[in-house]
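Step one of this worksheet: look at the structure below.
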Amino acid sequence: KPQLVASNDRFCRFLEEYCPVVTETYYPTIWCWEGRVQTLLRPFITSRPQVQYRNELIKTADGGQISLDWFDNNDSLYYPDASTRPTVLLLPGLTGTSKESYILHMIHQSETLGYRCVVFNNRGIAGEDLLTPRTYCAANTEDLEAVIHHVHSLHPSAPFMAAGVSMGGMLLLNYLGKTGRDTPLMAAAIFSAGWNVFESVESLEKPLNWLLFNYYLTTCLQSSISRHRQMLEKLFDMDLVMKACKNVTSALAGYCFPNADIVPYLNSVLQARTVREFDKRFTSVMFGYRTIDDYYEDASPCRKLKSVGIPVLCLNSVDDVFSPGHAIPVETAKQNANVALVLTSCGGHIGFLEGIWPRKCTYMDRVFKQFVQAMFEHGNKIFSM
């Protein structure tokens with residue numbers, strides 16, 4: 001059975017009644033029970049439901065653009081009125097987009113319930129061009145704030161939730177920790193978030209984990225930069241980055257170099273061998289942090305969990321190499337009545353495969369479906385039970 005951690009008895013009773021999957025025994029697929037195997041195999045084993053998106057590009061205050069992929073679910077039988085149709089905002093992982101299998105499964109689950117979904121693709125990774133010399137990171141929530149405001153303004157009468165996976169979950173938690181109750185979201189679901197970035201990168205730098213995961217992630221990040229290299233070489237003016245970032249420090253003065261000097265700088269980024277090296281040379285510099293430790297401290301959701309002001313359900317597996325079990329903030333979660341943790345002993349990172357041949361629904365998919373349905377249909381009962 002998973003471990004359910006929550007300080008609020010009413011929240012626990014609510015979950016036990018309307019989201020019973022969090023108390024049921026989870027039986028991982030017996031031939032791939034180990035966390036790293038679960039993590040590696042899920043993208044290849046699980047099906048990819050067909051989803052027809054409607055793409056929308058929205059402009060940001062700094063002149064950039066964000067790609068949103070909408071699944072409107074206009075054939076919804078339960079919610080035929082689009083103005084009040086419940087909406088779920090989905091946030092993929094570090095290099096993920098709306099095409100990831102776990103996102104497609106979330107949309108499939110939402111479709112059966114009659115809900116509308118919109119996927120927030122981070123800048124520059126879903127095929128759209130970068131219009132400014134800025135990408136994204138787990139700590140900076142400005143783009144997410146813009147997206148939430150935009151979606152809510154389009155459907156102000158529709159119940160509104162969000163679900164984040166991996167880095168998407170970290171970004172969502174950091175946003176919730178910043179805004180508290182001042183958000184149009186009524187609740188959120190978080191899956192396989194990295195709670196403490198220092199512990200996550202240390203785990204990923206162990207030899208086997210580096211070989212299986214870290215190197216691949218680093219090359220994916222580098223590919224994104226390489227794809228936009230021509231624009232970066234022309235436009236990577238740190239003065240623009242300074243204007244775009246609110247927390248710029250004087251340390252960036254050394255990086256305000258002319259365009260001619262950016263080529264060796266980008267070359268050093270593209271030679272990074274780990275996610276930590278990439279973040280040190282690129283991400284922390286772009287977003288104005290004095291050191292990489294400053295960035296990692298700001299990006300770690302465990303430091304903001306006490307400030308979350310809406311109901312949040314977080315699913316993690318303690319054998320997740322991206323988010324080690326010892327770094328999950330169990331004691332901190334117990335100090336916030338709005339937070340519930342569901343911890344499984346197996347499942348890996350965005351794995352949670354179950355059944356002999358785990359082609360379709362996973363434990364994570366079932367948690368997502370039951371929780372969003374519980375909140376949209378019974379959320380008003382959560383603190384009255």
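Placement of Cβ uses the backbone N, Cα and C atoms for every residue, glycine included.
Here is what TrEMBL says about this protein:
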ACT_SITE  Ser166  active site, charge relay system
ACT_SITE  Asp320  active site, charge relay system
ACT_SITE  His349  active site, charge relay system
DOMAIN    86-355  domain 'AB hydrolase-1'
All-chain count of other Cβ atoms within 10 Å of His349 (active site, charge relay system): 25
Pairwise CA distance, Asp320 (active site, charge relay system) versus Ser166 (active site, charge relay system), rounded so that it is a whole Å: 11
Local confidence of the domain 'AB hydrolase-1' (86-355) - pLDDT mean: 88
Other CB atoms within 10 A, centred on Ser166 (active site, charge relay system): 26
Alpha-carbon distance [Ser166 (active site, charge relay system); His349 (active site, charge relay system)] in Å: 8
